[in-house]
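Structure first, then comments.
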Amino acid sequence: MSDAVTDADGSSAQSHAQSAGHHAVQGHGGHSQGPLLKLAVGAIGVVFGDIGTSPLYALRDTFAGHHKLPLDLLHIYGIISLMFWSMMIIVTFKYVSVIMRADNKGEGGSLALLALINQHTDGKRWGRGIILLGVFATALFYGDSMITPAVSVMGAIEGVAVYRPDMHPLIVPLVVGILIGLFFIQSRGTEKVAAFFGPIMLVYFGTIAVLGALSIAEYPPVIAALSPHHAVTMFIADPWRGFLAMGAAVLAVTGAEALYADMGHFGRSPIRMSWLVFVLPALVLNYLGQASLLIRNPAALESPFYYLAPEWFQWPLLFIASCAAVIASQAVISGAFSVTQQAIQLGFIPRMTIKHTSTAAGQIFIPVINWALMIAVILLVLVFQRSSNLTAAYGIAVTGAMLIDNFLLAVVLFKLWQWKAPAAIAMLAVFFAIDAAYLGANMTKIPDGGWVPLVMGIAIFTLLTTWSRGRALMRENMAEGTIPLDVFTKSAHSSAARVSGTAIFMASTAAGVPSALLHNIKHNKVLHERVVILTVSIEDVPYVDEGERYSVKDFGNGFYRLTLRFGFLEETDVPGALKGVSMCGEPFNMMKTSFFLSRQTLIPSDKPGMALWREKLFAWMLRNAASAMEFFRLPTNRVVELGSQLKI
């Protein structure tokens, strides 16, 4: 694990983490304000969009997808049983009951979990393996972020062709138009419309529950499909096709990790309550209703979700489902912004321009991510054309991330919670068996589109690990021959002229003299009255207490070493943090303070460390990283950049 980044940005990343979950658009700490019911409604609007829109295509694709099952009672009952118990074991037990207990100062999500784990595994030989798994899950998350908006919106809009077959040629243009509009409004922020997400999703879940219940009433015996023995019977009678069908059945639990990822925004109790009391029953009723419809009318397989509606309600259902799909897509896009911000802080991704669309924490817009996602999503729609084709690509990213979560959970159980081995192993064995089976079933869909998230994942994993490794090599090379600060201050105090004001030199580590200071002495031959060597440290916690915000060491003669600490969910507002520093001489006056940054130009070489092509890739990423001045919110007219060359 690294403990710093480079002089170029002066920050120190003390942990690396990953994410495979979605993050909400709400601010941190929301669960401490307002009544439980209000927070539960908010959670329904953000957390459950992905899993909530699964009924649009999950059951249909089990019987009409790439690995079709016979449409008979054995397989209908078996799949409904499999979906129900998957939701109970994976979502309700694994995520809601177990993983949601593993919070990092109230924050959830795999990034927060990995940062928490790092505190207990730093320096361990196997710790790096856990980190790499986490990084790969982050890469899979980005693949998921590309597929979810495409499959959700397309799955909803395909209802147009169900009711009006002559409008089928308009589906792809409609989907592309909606998605382009969705990505274009991101820069304006979604705070004003976000207040409607909860009520709209309440209407959606209420609607699918009622439609499902009405269909169940037409064939009440379908309720028996909830018994686990029907899934077992199906696998015994038809093991191979049952296994292949798991590739589509897993669609019923996509988005499960969002419950954990958004815990910091809404709190554990509101999410649990909304899932157990409202969302889960609505999903179960709808899946049972679709099963009842297929038993009574096999021709409804074209779209059992939409054929549940009576004729007079068909277009209203299409509108409600389309709104739900857009909301689900919005939650994923906001999650991609949130994960990227955390990954930047934790040292996995180069600095990017981050724009705040609201005063509320978490309301951010990252242009590079937004436009990259938009291009990828539209390409997926144009290439795959139908949601049933896209679902083949969907499952691998989801099941891969879920399997990796088991490894992270294992560390939590043994290292953090100190569980006894028999209980931990028994529970983990169940989780690993289920997730591995689902992943194996989805691997059979690689030729049908499953290769898409794998290729995306490997490409993004390469970028993330190249950046992380490149920064580590830079730190190692810069540390070679570093002059101790106490030695430097004794000689510099007597040999350089002093000028009025304060100079802050951004440093990557809390040891040695930063290259910007050495270059300033070499070229300008002066020192300011007060010289502060500043390191920004990103901690393994989401938020740092104000009492632990900074530490100062006074070297005398106007020399100070200052460390500012930020959590991985906080903005690195250096001028704002400096206002609270009281042990570094007189208070900081930004108009009398100059910030000195060092900008390295990398020269790829044949030195050991990374392959030459990765060194060139890293150099390109570094050149295109956002300005440290902007990232740390430094006043533009008070910054001096000094260049240097560095071989890696």
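Keep in mind that glycine also has a Cβ here, set from the backbone N, Cα and C atoms.
Here is what Swiss-Prot says about this protein:
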type     : residues : note
COMPBIAS : 10-26    : compositional bias 'Low complexity'
REGION   : 1-31     : region 'Disordered'
TRANSMEM : 39-59    : transmembrane segment
TRANSMEM : 73-93    : transmembrane segment
TRANSMEM : 130-150  : transmembrane segment
TRANSMEM : 165-185  : transmembrane segment
TRANSMEM : 193-213  : transmembrane segment
TRANSMEM : 243-263  : transmembrane segment
TRANSMEM : 275-295  : transmembrane segment
TRANSMEM : 317-337  : transmembrane segment
TRANSMEM : 364-384  : transmembrane segment
TRANSMEM : 394-414  : transmembrane segment
TRANSMEM : 421-441  : transmembrane segment
TRANSMEM : 446-466  : transmembrane segment
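By number of Cβ pairs under 8 Å, the transmembrane segment (446-466) is matched best by 130-150 from the list 130-150, 243-263, 317-337, 394-414.
Each of 73-93, 165-185, 243-263, 364-384 was scored by its Cβ pairs under 8 Å to the transmembrane segment (421-441), and the highest score goes to 243-263.
Here the transmembrane segment (130-150) does not lie next to the transmembrane segment (275-295) in space: the count of CB pairs under 8 Å, restricted to residues six or more apart, is fewer than 3. Under the criterion of 3 or more C-beta pairs below 8 Å, with sequence separation of 6 or more, the transmembrane segment (165-185) and the transmembrane segment (39-59) do not qualify as touching, having fewer than 3 such pairs.
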